[in-house]
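Presented below is the structure to which this report refers.
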Amino acid sequence: MFQRSGAAHHIKLISSRRCRFKSSFAVALNAASKLVTPKILWNNPISLVSKEMNTLAKNIVALIGSGHPVLNKVTSYYFETEGKKVRPLLVLLLSRALSEIPMTERNHLKIDKSDVPEDPIYSKPSQNQLFQRPASSISPLHILHGIKPLNPLTKGPEPLPEETFDKQRGILPKQRRLAEIVEMIHTASLLHDDVIDHSDTRRGRPSGNAAFTNKMAVLAGDFLLGRATVSISRLHNPEVVELMSNSIANLVEGEFMQLKNTSIDADIDTIENGHKLLPVPSKKLEVKEHDFRVPSRQQGLQLSHDQIIETAFEYYIHKTYLKTAALISKSCRCAAILSGASPAVIDECYDFGRNLGICFQLVDDMLDFTVSGKDLGKPSGADLKLGIATAPVLFAWKEDPSLGPLISRNFSERGDVEKTIDSVRLHNGIAKTKILAEEYRDKALQNLRDSLPESDARSALEFLTNSILTRRK
């Protein structure tokens, strides 16, 4: 009994000492944290680029300004609410991370010494374009905008405030403009998508088409793309112009791929026009199709169930790249190009954006099954109702061949949507999609570590990459 009491007293004494030590250590940490201010709030990557993000919407509205008040209202509609703004955030954080690469390794683009502070490191004659600001215009303004003294409604966008390069922040003027361009292109795609998908809500309020009619939403999206391409051209970099212009084409290609769920489904041979289904006009020119296409059943192709699933996933991933990952990956590549980085770093930045973009869409497809429309900011379960088979459905189809006919007819018959949802839950389609998303997340993290030196900006990118898997909207 005495020994037990002694042991208990000994344990209590050790525990007391440990508590005092723990308490002392906590006090020391708290005191140290007051002396050393952390450079980044790890749970808030926006803090590193808050200056640029805070003026993003304002600068975009200035870039897209029109002399027509209704056009201004519609094009600026989606910029009035707080969206995720993931794409410009990625470009800005990546630009800061790239600035940590020594200048001696960023010698693949010339720098304009007249645009930077007096500093020997920026005054090399062989580097005279890197810090150059985007041009305000290339062609004469009266040609670009048709300005006439007697017609004050025809005018170009408002001039942007002059931004001087901040060596401590490391984001170049052209990279900042790139972030704004990316958000313009993405927002244009949202305007068009909401028309195509007959959406009623976006970001918790009426969608552009619901608020202004389909016609206004389409025209506003077109206008945004036009303004974006003008801004792209003013970056004066042929590869950047090519990449960003191509990303716009990719968005459209992805939307057309979404008309079918697999590459072996029958081609769409009608066009919906209101309540009529019109035949597609006969082809006058033969256009070469992409390599991802495979012969259809109508051409006598015989595939096993596993082969059908494999081709369906290949089709889905390629469609996902075009619709979501192309804009992200190509903007990341452009940020690296504008930084003067080496070809190896540029390639890694592109792969980072591609893997992150596919991960982002996989999570989006999961949320369509798991999150309410109110939390998501757009209608939940929309994909199935639109006849679209996403990754959770494809995983369920692998285990449940009876889903094949439902997918082929785009879930158009009574009970198809409900049966598919039940099958997804029964066969763990959501959990399997999460595992696939984690694989792409891990690849994206590796791309960052292989291409960028350790820095607060890289840590913020890693945090952002990990947070994609836990987002709820």
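Using N, Cα and C of the backbone, Cβ positions are placed for all residues, glycine too.
Marked as isopentenyl diphosphate binding site by Swiss-Prot on the basis of similarity to another entry: Lys84, Arg87, His186, Arg203. Swiss-Prot lists Asp193, Asp197 with the feature Mg(2+) 2 binding site. The Mg(2+) 1 binding site feature in Swiss-Prot is assigned to Asp193, Asp197; the stated evidence is similarity to another entry. Per Swiss-Prot, all-trans-polyprenyl diphosphate binding site is recorded for Arg202, Lys323, Thr324, Gln361, Lys378, and the stated evidence type is similarity to another entry.
The number of other CB atoms found within 10 A of the CB of Lys84 (isopentenyl diphosphate binding site), across every protein chain shown, is 13. Each residue contributes its Cα atom, and for Lys84 (isopentenyl diphosphate binding site) and Thr324 (all-trans-polyprenyl diphosphate binding site) these two points are 14 Å apart. Site extent for isopentenyl diphosphate: the farthest pair of Cα atoms among Lys84, Arg87, His186, Arg203 sits 16 Å apart. Counting every protein chain shown, the number of other Cβ atoms lying within 10 Å of the Cβ of Arg202 (all-trans-polyprenyl diphosphate binding site) is 23. Distances between the Cα of Arg202 (all-trans-polyprenyl diphosphate binding site) and those of the binding-site residues Arg87, His186, Asp193 are shortest for Asp193.
Listed in chain order, the residues near the isopentenyl diphosphate site other than Lys84, Arg87, His186, Arg203 are Gly83, Lys85, Val86, Glu183, Thr187, Leu190, each with its Cβ within 8 Å of the site Cβ centroid. Under the three-state DSSP scheme, Arg87 (isopentenyl diphosphate binding site) falls in the helix class. Cβ neighbours within 10 Å of His186 (isopentenyl diphosphate binding site), excluding its own Cβ and spanning all shown chains: 24. Taking Cα separation as the measure, Asp193 (Mg(2+) 2 binding site) is nearest to Lys323 of the binding-site residues Arg87, Arg203, Lys323.
Nearest to Arg87 (isopentenyl diphosphate binding site) in space, judged by Cα atoms and limited to the binding-site residues Asp197, Lys323, Thr324, Gln361, is Thr324. Checking the binding-site residues (His186, Asp197, Arg203) against Thr324 (all-trans-polyprenyl diphosphate binding site) with a 10 Å Cα-Cα cut-off leaves His186.
Taking Asp197, Lys323, Gln361 as the binding-site residues under consideration, the smallest Cα distance to His186 (isopentenyl diphosphate binding site) is found for Lys323.
The two recorded residues, Gln361 (all-trans-polyprenyl diphosphate binding site) and Asp197 (Mg(2+) 2 binding site), show a Cα separation of 17 Å.
With the fewest other Cβ atoms inside 10 Å of its Cβ, the least crowded of the binding-site residues Arg87, Arg203, Lys323 in this structure is Arg203. Looking at Lys323 (all-trans-polyprenyl diphosphate binding site) and Asp197 (Mg(2+) 2 binding site), their Cα atoms lie 14 Å from each other. Cβ neighbour count for Asp197 (Mg(2+) 2 binding site): 18 (other Cβ atoms within 10 Å of its Cβ, all protein chains included).
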